[in-house]
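Data block below; observations after.
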Amino acid sequence: MSLINRKLEHVEICLYEDVQGIVSTLLEDVTLIHQAMPRMNFRDVDTRAEFLGKTLSLPLMVTGMTGGHEELGKVNAVIAEVVEELGLAMGVGSQRVAVERPETAESFKVTRRMAPTAPLVANLGLPQVTRGYGVKQFMDAIQMIEANAIAVHLNPAQELFQPEGEPEYPLSALEALRDISKELNVPVIVKESGTGMSMETAKLLADHGFKILDVSGQGGTSWIAVEMVRNRRKGNWKYESSQLFSGWGIPTAASIVETRYSVPDSYIIASGGIRNGLDVAKSISLGANIAGMANPVLHHAVRGKEQLKKFFEEVAFQLRAAMFLTGSRDVKTLRHAPLVISGKLKDWLESRGLTLSVYESIRKGA
């Protein structure tokens, strides 16, 4: 299957097949403490956040998922237009197809035309570095959308179970990426792809100079499950194995804590199963700087601009409600808001040797 057709199939599967992770985000184990006297009016809540030198109206970005085909360009155009109007940030899907097939670049370029002032994030995969991508290919992707940053995605699990996968992740690839990053004119964001980020990985990335991290944890779209569907359709021998591993990964809530704990000065994007404004609030209170959404945005975007705007407006209200009811006047205050960690998340963190009292001071200092 061509890379272009694979992109279309991925989106079709995300829209019409059940590929949500069988493991939760564990955000349900985070309880924000209600304050019966918020000490402010609801209209006083300030949801603005800083990202890539720009101010967002909400601590929220659309993380990369689509591009590489004319039909996907239409979806990107809708998302970009709404992002521009509402003051959000946006990442595009992997641009490998456009770097190698420039005739497909329009499906990505449309984002900058529709969002002239929004922070836009380009996207390439680390396996491409292993296969020879260098500064030129990275600059091609950045210039394609006049990006404010470029995300480099880590997806070893997806690559492993993909029929055409390239599970090539030697340490030399990260070292090469570090060298490439020094020649770029925008920051590099390193992101996972739905299976989460451990404290070991976060520390390794930070040691190589990467401190803007998208944890993309388990609990949202499972890209192993996406490849499981593709394996089933093709009768591929990897089907049963991909089914077995469809719940593999680190839940989003645990990924946030592990990353903040191991790299206290990192800038964390919390994505993976973020579905509403309360999820955004919990993610930030746990230690993230902003949150990211992909799958729910895709589902609303294919139904049109107004449907997507309505969705984001509802998310904004839910976030503001959580901030008001915790007495959090702004996003920084929300990061200091009292919370209770219980259940499986507490068990996870304790078994990983994370002292909650120590983490409490780390998250408040972020």
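Heads up, the Cβ atoms here are built off N, Cα and C, so glycines get one too.
Among the features that Swiss-Prot reports, substrate binding site is placed at ARG6, LYS7, SER94, GLN95, ARG96, GLN158. In the three-state DSSP scheme, SER94 (substrate binding site) falls into the coil class.
Per Swiss-Prot, FMN binding site is recorded for THR63, GLY64, MET65, THR66, SER94, ASN123, LYS191, SER216, THR221, GLY273, ILE274, ARG275, ALA294, ASN295, and the stated evidence type is sequence analysis. Within 10 Å of the C-beta of MET65 (FMN binding site) there are 25 other C-beta atoms, taking all protein chains into account. Reduced to three states, the DSSP call for MET65 (FMN binding site) is coil.
Feature annotation from Swiss-Prot assigns Mg(2+) binding site to GLU159. In the three-state DSSP scheme, GLU159 (Mg(2+) binding site) falls into the helix class. For GLU159 (Mg(2+) binding site), the same-chain residues 6+ apart in sequence whose C-beta sits under 8 angstroms from its C-beta are PRO127, GLY165, GLU166, PRO167, GLU168.
Comparing CA positions across the binding-site residues THR63, MET65, THR221, ILE274, the one lying closest to ARG96 (substrate binding site) turns out to be MET65. Each of the binding-site residues ILE274, ALA294 was ranked by the number of other C-beta atoms within 10 Å, and first place falls to ILE274.
Annotation: MET65 are the binding-site residues among THR63, MET65, THR221, ILE274, ALA294 whose CA atoms are within 10 angstroms of the CA of LYS7 (substrate binding site). Within the set ARG6, LYS7, SER94, GLN95, ARG96, GLN158 that the record links to substrate, no two Cα atoms are more than 17 Å apart, and one pair reaches that distance. Taking the Cβ of LYS191 (FMN binding site) as reference, residues of its chain lying under 8 Å away and at least six apart in sequence are, in sequence order, THR63, GLY64, ALA151, VAL152, HIS153, LEU154, LEU213, ASP214, SER216, ILE269, SER271. Under 8 Å, Cβ to Cβ, and six or more positions away along its own chain, ARG6 (substrate binding site) finds GLU164. Applying an 8 A CB threshold to same-chain residues 6+ apart, the list for SER94 (substrate binding site) reads LYS7, GLY64, GLY67, GLY68, ASN123, LEU124, GLY125, HIS153.
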